[in-house]
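*Asks:* Here it is: the structure, laid out below.
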Amino acid sequence: MKVSVLITLAVLGVMFVWTSAAELEERGSDQPAWLKSLERIFQSEERDCRALYGGCTKDEDCCKHLACRRTLPTYCAWDLTFP
């Protein structure tokens with residue numbers, strides 16, 4: 001039972017790597033899609049807003065879906081909304 005589970009996980013891992021490589025080759029990109037999405041998330045400096053746990057004085061200082069928490073020290077935290 002354990003061996004069949006390990007073999008199944010290994011096969012799924014190989015299939016994931018193989019399809020990711022095929023997708024990467026198809027798009028002609030040098031970065032995986034998940035890395036590009038992470039870059040978009042962390043581009044707070046270009047948007048003139050504070051990222052998660054960044055210092056703030058009002059809600060407008062924080063990025064989208066973040067709000068300024070007034071507890072000391074003040075910081076940007078998730079405002080419980082979804083994109």
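If you go along the chain as it appears here, the first residue is 1 and each next one adds 1.
Placed from the backbone N, Cα and C atoms, the Cβ positions cover glycine too.
Checked Swiss-Prot, it gives:
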{"type": "DISULFID", "residues": "Cys49-Cys63", "note": "disulfide bond"}
{"type": "DISULFID", "residues": "Cys56-Cys68", "note": "disulfide bond"}
{"type": "DISULFID", "residues": "Cys62-Cys76", "note": "disulfide bond"}
{"type": "SIGNAL", "residues": "1-21", "note": "signal peptide"}
*Asks:* May I ask which of the disulfide-bonded residues Cys56, Cys62, Cys68 is closest to Cys49 (disulfide bond) if we compare their C-alpha atoms?
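*Replies:* So, of the listed disulfide-bonded residues, the one sitting closest to Cys49 (disulfide bond) is Cys62.
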*Asks:* Can you count the other CB atoms that lie within 10 A of the CB of Cys76 (disulfide bond)?
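*Replies:* Excluding its own Cβ, the number within 10 Å is 23.
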*Asks:* Applying a 10 Å Cβ distance cut-off over all chains shown, what neighbour count does Cys62 (disulfide bond) have?
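*Replies:* I get 24 for this one.
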*Asks:* Cα distance, Cys56 (disulfide bond) to Cys63 (disulfide bond), nearest Å?
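*Replies:* A Cα-Cα distance of 10 Å.
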